[in-house]
Amino acid sequence: MGTETSSMDITEPLVVEKNTPSVSEHVPEWKEQITIRGLVVSAVLGCLFCIITHKLNLTVGVIPSLNVSAGLLGFFFVKSWTSFLSQLGIFTKPFTRQENTVIQTCVVACYGLAFSGGFGSSLIAMDERTYELIGPDYPGNRAKDIINPGLGWMIGFMFVVSFLGLFSLVPLRKVMVLDYKLTYPSGTATAMLINSFHTKTGAELAGNQVRKLGKYLGLSFFWSCFKWFFSGVGDSCGFDNFPSFGLTLFKNTFYFDFSTTYVGCGLICPHIVNCSVLLGAIISWGILWPFVSQHAGDWYPADLGSNDFKGLYGYKVFISIALILGDGIYNLVKIILITVREMYKASSKETSLPTVTEVLDDESSRLQLEEKKREEVFLKDRIPTWFALSGYVGLAAISIGTIPIIFPPLKWYLVLCSYILAPALAFCNSYGCGLTDWSLASTYGKIGLFIVAAAVGQNGGVIAGVASSAVMMSIVATAADLMQDFKTGYLTLSSAKSMFVSQLIGTAMGCIIAPLTFWMFWTAFDIGSPDGPYKAPYAVIFREMAILGVEGFSELPKHCLAMCGGFFAAAIVINLLRDLVPKKYSQYIPIPMAMAVPFYIGAYFAVDMFIGTVILFVWEKLNRRDAEDYAGAVASGLICGDGIWTIPSAVLSIMRIDPPICMYFGPSASS
């Protein structure tokens, strides 16, 4: 799934009716919206959110939208700081909604690179561990196609590719936000939250949310610390391997591993996403893999290792790929068609609608004035088109000259072609994200991977393919993030120029922080080990896709290709049903991309997320208003507390300090 999140059903009228800035409110100049304290808080939160994103990326690959959490934590840190200084009698500048928005924008730009930079997928798909996992004897998996992670080249790569997406769509910000009035649900939800914090009526709720977040952050941190003492040496110790439903189900990865991160994800993700993940786990680990295992010796050799692609492992990986591609390609085509239709409708309205005189009551007049002020603020500080175009061309030229040095098989003309196509793909992704809240950056990356790998061929096609996917993902993802934040800025009366500058600053932070935090994981933990906690599932998937692009499907085990075709078609049919049946039924139809994740990884995290969604469901039944107000804060606390524990855990691992106890569960000895 990556950062692809489901639609949140937030509409424009809801935004203008409550928690909107007053018409008479003073709006600071764009330079005043960017403060030193805001940048310091952004850097701290950027580190935390990069750690969380890496942890999720390297374990399950499911990353919920953290925009709202960034806005909430930004408010929490600055308010705590200003309150502390005021108690000491030190005057501080008032904390405005615009400064809060800038912090949120900066943090999202920073941690977004931890996903779109390919640290959990394309960049480590090139490393030696992934090469060895697939096997040196596997056709197309060449020892020459290895580039191990290095802090220097990763930081350099981030700097030459990450800024292009920001310049690609800046001239279209008015079209996307004002003319087409795209919703951008996550950006809208974040704006609503920030606006509510900075109103007198929302101050009490904001304080309660902050207290909830702090409470559950502390609980999550200390629980993670407690679990560490029992996790021993090896991969079978501790609460992470607790056979909650018995040893038989435990062998098929069905158990609760007491992870506050995944329970928090279950609280944040929509119910249908969590249920889809659990359904995928039941279909794969409960039915399909036991069935395929019964045919060992017939469909594939029975004596193969657990990670041999010519055996059961091959079914797991390639059926996951089939589901992901089926869902991704369907949604890509769908969003392109919706984009074309909506643009046609917009142009038709402009030319054919008659002029009418509307009689406005006081409330409608007030709303019109508020909307007019938002538009004035949004358009006041212009970002010149020449600046955006020259920035894109200049950065593209630097990148075209630099990337072939880092990845020799990815020739300069292939990079040039990518940059010619990128603005059109970035527009499609940003427009679709505005309509549905789904960013399909990883889908564009996978399509680019197949095309480039096939074009280059056997002599370097694997490296060229996975590297090109990292380039394409970075551009289309950052472009969609920028438009999402422009929407947030529009609704919070923040200057478009301050949004753009804070995106640039946040991206620059991310180019350093994302590789550094990844390097902490890389040096402290056994990344990519199929038996460890950080399996890096998408590394294998991306390398295998590149090999497929070069070699074809000849080496797959028996019936694997037919199964892949069946699941690819099933993903398209399920999506068609979701779009064709009435909404009262379609809301219960699962999401194929969410179902695909446990096929490869296992069922344990699906159990955790389902527990989170059950807690939220019961909470909503008992007190819906309370759940709506505080579920996000509780989830953020659970995720962040576990994420913070990763830092001391990594330090202990680097210092070779092992947990003192191994808590292990096994069958009782027969009498």
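Heads up, the Cβ atoms here are built off N, Cα and C, so glycines get one too.
Annotation comment: TrEMBL describes 34-54 (among others) as transmembrane segment. For the transmembrane segment (34-54), the residues of the chain that approach it from at least six positions outside its boundaries are 63, 66, 69-70, 73-74, 77-78, 81, 93, 99, 102-103, 106-107, 110-111, 113-115, 119-120, 261, 498, 501-502, 505-506, 509-510, 513-514, 517-518, 520-521, 639-640, 643-644, 646-647, judged by C-beta separation under 8 angstroms.
Tertiary proximity for the transmembrane segment (60-81) is limited to same-chain residues at least six positions away from its ends with a CB under 8 Å from its CB atoms, namely 1-3, 5, 37-38, 41-42, 44-45, 48-49, 52-53, 92, 95, 99-101, 103-104, 107-108, 111, 115, 120-121, 186-187, 189-190, 193-194, 197, 206, 209-210, 213-214, 262, 265, 268-269, 277, 437, 484, 488, 537-538, 594, 597, 601, 605, 609, 632-633, 635-636, 639-640. Annotated transmembrane segment per TrEMBL: 60-81 (among others), in sequence order.
The feature transmembrane segment is assigned by TrEMBL to 102-126 (among others). Tertiary proximity for the transmembrane segment (102-126) is limited to same-chain residues at least six positions away from its ends with a CB under 8 Å from its CB atoms, namely 2-3, 33-35, 38-39, 41-43, 45-46, 49-50, 52-54, 57-58, 61, 63, 66-67, 70-71, 73-74, 78, 145-149, 154, 157-158, 162, 190, 194, 441-442, 445, 449, 462-463, 466-467, 469-470, 473-474, 477-478, 481-482, 484-485, 488-489, 494, 498-499, 502-503, 505-507, 509-511, 513-515, 517-518, 527-528, 536, 538-543, 546.
Positions annotated as transmembrane segment by TrEMBL: 146-172 (among others).
Feature annotation from TrEMBL assigns transmembrane segment to 272-292 (among others).
Among the features that TrEMBL reports, transmembrane segment is placed at 312-333 (among others).
What TrEMBL lists as transmembrane segment is 383-406 (among others). Long-range Cβ contacts of the transmembrane segment (383-406) within its own chain (Cβ-Cβ under 8 Å, at least 6 residues beyond either end) map to 153, 156-157, 160-161, 163-164, 167-168, 170-171, 173, 412, 415-416, 419, 423, 467, 471, 496-497, 500.
Annotation comment: TrEMBL describes 412-431 (among others) as transmembrane segment. With a cut-off of 8 Å between Cβ atoms, the residues of this chain six or more beyond the transmembrane segment (412-431) that come close are 164-165, 168-169, 172, 176, 180, 182, 332, 335-336, 339, 342, 392, 396, 399-401, 403-404, 439-441, 444, 448, 452, 455-456, 464, 468, 471-472, 475-477, 479-480, 482-483.
Taken from TrEMBL, the feature transmembrane segment applies to 462-483 (among others).
Positions annotated as transmembrane segment by TrEMBL: 504-524 (among others). Beyond its flanks by at least six residues, the transmembrane segment (504-524) meets 34, 39, 42-43, 46-47, 50-51, 54-55, 58, 105-114, 117, 119, 149, 151, 154-155, 158-159, 162-163, 166, 478, 534, 646-647, 649-651, 653-654 of its own chain at Cβ-Cβ distances under 8 Å.
Annotated transmembrane segment per TrEMBL: 560-577 (among others), in sequence order. Within its own chain, the transmembrane segment (560-577) is flanked in space by residues 314-315, 318-319, 321-323, 325-327, 329-331, 334, 553, 586, 589-590, 592-593, 596, which lie at least six positions past its ends and keep a Cβ under 8 Å from the stretch.
Residues annotated as transmembrane segment in TrEMBL: 597-619 (among others). Residues 1, 59-62, 244, 252-257, 259, 262-267, 269, 271, 274-275, 277-278, 280-286, 288, 316-317, 319-320, 323, 535, 537, 540-541, 626-627, 631, 635 of the same chain lie 6+ residues outside the transmembrane segment (597-619) yet bring a C-beta within less than 8 angstroms of a C-beta in it.
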When counting C-beta pairs under 8 angstroms to the transmembrane segment (312-333), the leading stretch of 146-172, 272-292, 462-483 is 272-292
